[in-house]
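The structure under discussion appears below in the form of structure tokens.
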Amino acid sequence: MTKPYQRPAQDEPVWWFVISGGELLMTEAKQIPHGLLEDLPLPDLNEYKTVFIGELRERHCYLVIADYGDTNFNAVGEFLSVRELIVGSDDELFAMAARAKQIADFLATHRFCGRCGARMQAVDWEIAMHCHSCQHRCYPRISPCIIVAIRKDNQVLLARGKRHPEGLYSVLAGFVEAGEPLEQTLIREVMEEAGVRIKNPRYVTSQSWPFPNSLMIGFIAEWESGDIRIDPFELEEGGWYDINKLPRIPQEGTIANKLIKRLKAEIDQERNS
Ligand SMILES: [Zn+2]
């Protein structure tokens, strides 16, 4: 097993996920730097914290933590939001980039113990921070969040969040609260945000969403009762949309897009059978 702080061998081509200020180093072609260390114009990585974070297409992946505004990587490319990788719809690559970003954020925010205030040390055989004064150990925090496409006849419930760009509509989403099973989160969030009751939720898929540390857990559910009453604190507007006359929805590669497309495929299939 490769340990977190092990270095790659000189003759081993690897993926380099370099994070600076929450952004990821990408080449001009919006690719992740990949290959032998000697073939890439990277600075001396002995100067940087480097963490083994997993494998992608049978190659090892390393996280490199750069300083904010670090110019030593300019010969490789520039630091951009991990969101840039959603466009390509390469789910595996996006997931690893999400992991790199979240681990970098975890290490940056757990330098001191939350219980006793002593300096924490990185554990050398797993990705964790440990306090040797009080034995408190922390792991990267993941915040589960439900996201749900709700169906009523041949329509889907879409709403525009206050932070969404003008004209962009999406399905409902919300954080799981402490002690809450997902089934309850679904019912509570949909009731709070849209005032309707749902039934028959079905799990469809999930997606790591590292802004900053969500895990989106995607469902399709059916409307049961109630008229839409949009929560004015969270949403601008919302309603039922014909699945074949959709407004602008989140881009391909996002879980919201996948859920809406899945629902559309199911409705189309029903019509044709
Ligand atoms: Zn402590």
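Any Cβ shown, glycine's included, is placed from N, Cα and C.
Here the structure is a predicted model, which means the values were calculated and not measured.
Annotated divalent metal cation 3 binding in TrEMBL involves Glu189, Glu193 plus, out of the candidates Glu166, Glu222, Glu224, Glu234, the residue Glu234.
From the candidate list Glu126, Glu270, the residue TrEMBL records in the substrate site shared with Arg83, Tyr139, Gln207, Ser208, Trp209, Pro210, Phe211, Pro212, Asn213, Ser214, Ala256 is Glu126.
When Ala149, Ala173, Ala265 are compared with the divalent metal cation 1 site residues Glu193, Glu234 in TrEMBL, the one appearing in that site is Ala173.
For the ranges 20-41, 174-195, the feature annotated in TrEMBL as motif 'Nudix box' maps to 174-195. When the C-alpha distances from Glu234 (divalent metal cation 1 binding site) to the binding-site residues Cys113, Cys131, Glu189, Pro210 are tabulated, the minimum falls on Glu189.
Only Glu189, from the binding-site residues Cys113, Tyr139, Glu189, Ser208, Ser214, place their Cα within 10 Å of the Cα belonging to Ala173 (divalent metal cation 1 binding site). Look at the binding-site residues Cys134, Ala173 and count other Cβ atoms within 10 Å of each Cβ; Cys134 has the fewest.
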